[in-house]
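Participant: One structure coming up, written as structure tokens, with questions to follow.
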Amino acid sequence: MANILKKWIESDRRELRRINKIANKVESYAKQMSELTDEQLQAKTDEFRERYKKGESLDHMLPEAFAVSREGAKRVLGLYPFHVQIMGGIVLHEGNIAEMRTGEGKTLTATMPVYLNAISGKGVHVITVNEYLSKRDATEMGQLYNWLGCSVGINNSEMSPDQKREAYKADIMYSTNSEIGFDYLRDNMAVYKEDQVQRGLNYALVDEVDSILIDEARTPLIISGPGTGTSKLYKQTDRFVKQLKKDVDYKIDLESKTVSLTDEGIKKAEKYFNLKNLYDPENTALTHHLDQALRANYIMLLDKDYVVQDGEVLIVDSFTGRVMEGRRFSDGLHQAIEAKEGVEIQEENKTMANITYQNLFRMYNKLAGMTGTAKTEQEEFREIYNMETITIPTNRPVQRKDEPDLLYPTLQSKFAAVVDRIKKLHAKGQPILVGTVAVETSEYLSQLLDKENIPHVVLNAKNHAKEAEIVKNAGQKGAVTIATNMAGRGTDIKLGPGVREIGGLAVIGTERHESRRIDNQLRGRSGRQGDPGLSQFYLSLEDDLMKRFGGDRIKAFLERMKVNDEDAVIKSRFLTHQVESAQKRVEGNNYDSRKNVLQYDDVMREQREIIYKERQQIITEDKSLKWVLMPMFRRTIQREVDQHTLGDKKDWDLQGIVDFAEEVLIKPDTITVKDLEGKSPQEMVDYLMTFAQGVYKEKQKQLYDPAQMLEFEKVVILRVVDSHWTDHIDIMDQFRQSVGLRGYGQLNPLVEYQTAGYHMFEQMIADIEYETTRLFMKSEIRQNVTR
């Protein structure tokens, strides 16, 4: 382990030395650029564009282009990027991750690689975690880009397709991650080229890259249509599971956060629903609803995993504490929670298109990211996204004091200590930021502070509209701010007058998060740009993380230490080590889970790319689709002939071929079995193809205008492809749920899914070709058919 660590540190040092040399080259242009007039500096952009067109690479232009952007920033924004920011910019241009501490000016760092990559004209997407940050950064940094002659666009969910298209045409576009994903899916569901908004995925620079590519990696983006779900079963299963007793009828595995019926629970279910065997195949729908009702009632927690607002269940992002507007838990879990909370059950939706962020961002030609905390996940970034994580030195040394964790036996004693610490710090006017992991914790702590008459603001999933404003003021003298997780990321906490002298911002964590990275983000809010500050975590044996991992070992340790007092506090390296190893286990589990999702999703990715590529060819075709249709007709006929000419000649089913021809290709009584006798299978295929070609020519005559014929071809193909593809997504989704149950009998669920998924896809292609052939041959021509 020590050797691996040594190698990492060495390779980081080597990489920083290399980047530093390039940054020195950028610095060497500083004097030359400062002597140019505004017009001369602005003219550099067109000069770079010309050089790029003539074959000069962006890498070669980097020192000069960065220097232009840097000088432009000084003149337009009054900000001049430091040497370490130039280094960060180089990392970003090279398609890697720049880990830069909070307050080190990531937004300004990004301007240099964004400007350089905009020169190619292929488009740069700057991705932020919310629309507020998109708008803020596009407005502030857009002044610089516009001054340098680059167009800037903002993409958001309120825009019309025309406005979106304009935004994507810009040299530089600001957008949230979800909007890019939904635009991609909508583009691949469009039936007219004019309805598409994107123009290829060239270079993405992702702000808060860990939040988007790690924390949200498992979140699929889904476009749904109405399904056929029923709310009755959700209510029945909810009523049933509410009667069950813990550890008698059901058991919970805290480590994996799963819940299942015991034998006793299964018997009760069979009696309640009047069944012989709960796990008979015909009861699949019921068992699925039962599983979701159990999860909803005994795993999913109100005010932690979700909130209820205005009679609606809204998901809470477990990493940021923000409400995720418009998102719903999939696979019926959302409906099960609605049944649990007694609100209206919204009908289940059928998935029409979906993609995960992992596969969306891997489609970019070049991907880069920046964050204050990525090093703990560097292996995942390397393995899944092929990005290296480079820690950029701070401009000034970090002055923050990170104090060791304090552990208390109970939640009550822990919160009493937290309130006591807040009182002491508040008395001298030191601003305090308190981090909590759940909405209910922040509200509980708020009540305790009210009792002590300590003025404070609460920032959680329920009021994130004001979050940027609240976070901005958190560094003022006497401010006390309670924040669920790290809501308000992306907004700097600047210290108010006189705060530096009394110790800077104090950060108090009320619980360790299951990810070390989130803890580091909380600490990192203090001590920006060499400011003083302090951070400390308060823990208890009743915390979630402690209960899930290592609680028993720590309890035994406390007993050995003879710690019985309710209010006793322990500081110990052993405890800190236990907490960190618990976090590493959770991180490992989460990584495995994300990797697992990716392996399954890769099966769909390959299939999605094939379908979307074919669709795009059809939508963009401007002459004729005969080259697509004729091979389709032939393959369909070939399959049918092969199927009916198996074995000896005497066993051939020629009547079956005639029946197929009459159903799909021709009018009844056009051919008989006699017409096929004496022909080889290949001759039969050629014979039937003559009829298909005849019908095609007939349709051309009827439509007389090639543009109308092309439109007819597109209508037929797209209707069939889209209908079969959405059904296929649904079937694959259901199969993926059930394949996990096949992990017995030495069968690997992933291999099962890959194999069956391949066969299902092959079958879907055959069905598409059959249906397209039938629809084309048998449809009557009507004018003004819409796709």
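Backbone N, Cα and C atoms are what each Cβ position is placed from, and that goes for glycine too.
Grabbed the feature section from Swiss-Prot, which reads as follows:
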BINDING   Gln85, Gly103, Glu104, Gly105, Lys106, Thr107, Asp492  ATP binding site
Participant: So the record assigns Gln85, Gly103, Glu104, Gly105, Lys106, Thr107, Asp492 to ATP. If I measure every Cα pair among those residues, what is the longest distance in angstrom, as a whole number?
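Facilitator: Answer in Å: the longest Cα-Cα distance is 17.
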Participant: Does Gln85 (ATP binding site) have same-chain partners at least 6 apart in sequence with Cβ under 8 Å from its own Cβ, and which are they?
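Facilitator: For Gln85 (ATP binding site), the qualifying residues are Glu104, Gly105, Leu108, Thr109, Met112, Asn395.
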Participant: What does DSSP say about Glu104 (ATP binding site): helix, strand or coil?
Facilitator: coil
Participant: When a 10 Å sphere is centred on the Cβ of Gly105 (ATP binding site), how many other Cβ atoms does it contain?
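Facilitator: Counting Cβ neighbours of Gly105 (ATP binding site) within 10 Å gives 20.
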Participant: Beyond the listed site residues Gln85, Gly103, Glu104, Gly105, Lys106, Thr107, Asp492, identify every same-chain residue whose Cβ lies within 8 Å of the center of their Cβ atoms for the ATP site.
Facilitator: Met100, Thr102, Leu108, Thr109
Participant: Name, in the order they occur in the sequence, the residues of the same chain whose CB lies under 8 A from the CB of Lys106 (ATP binding site) and which sit 6 or more residues away.
Facilitator: Gly88, Ala98, Met100, Asp207, Met370, Thr371, Gly372
Participant: Pick out which of the binding-site residues Glu104, Asp492 has the most other Cβ atoms within 10 Å of its own Cβ.
Facilitator: Glu104
Participant: Looking only at DSSP and grouping its letters into three states, which state does Asp492 (ATP binding site) belong to?
Facilitator: coil
Participant: Just checking, which of Gly103, Thr107 (binding-site residues) has the fewest C-beta atoms within 10 Å of its C-beta?
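Facilitator: It is Thr107 that, of the binding-site residues Gly103, Thr107, has the fewest other Cβ atoms within 10 Å.
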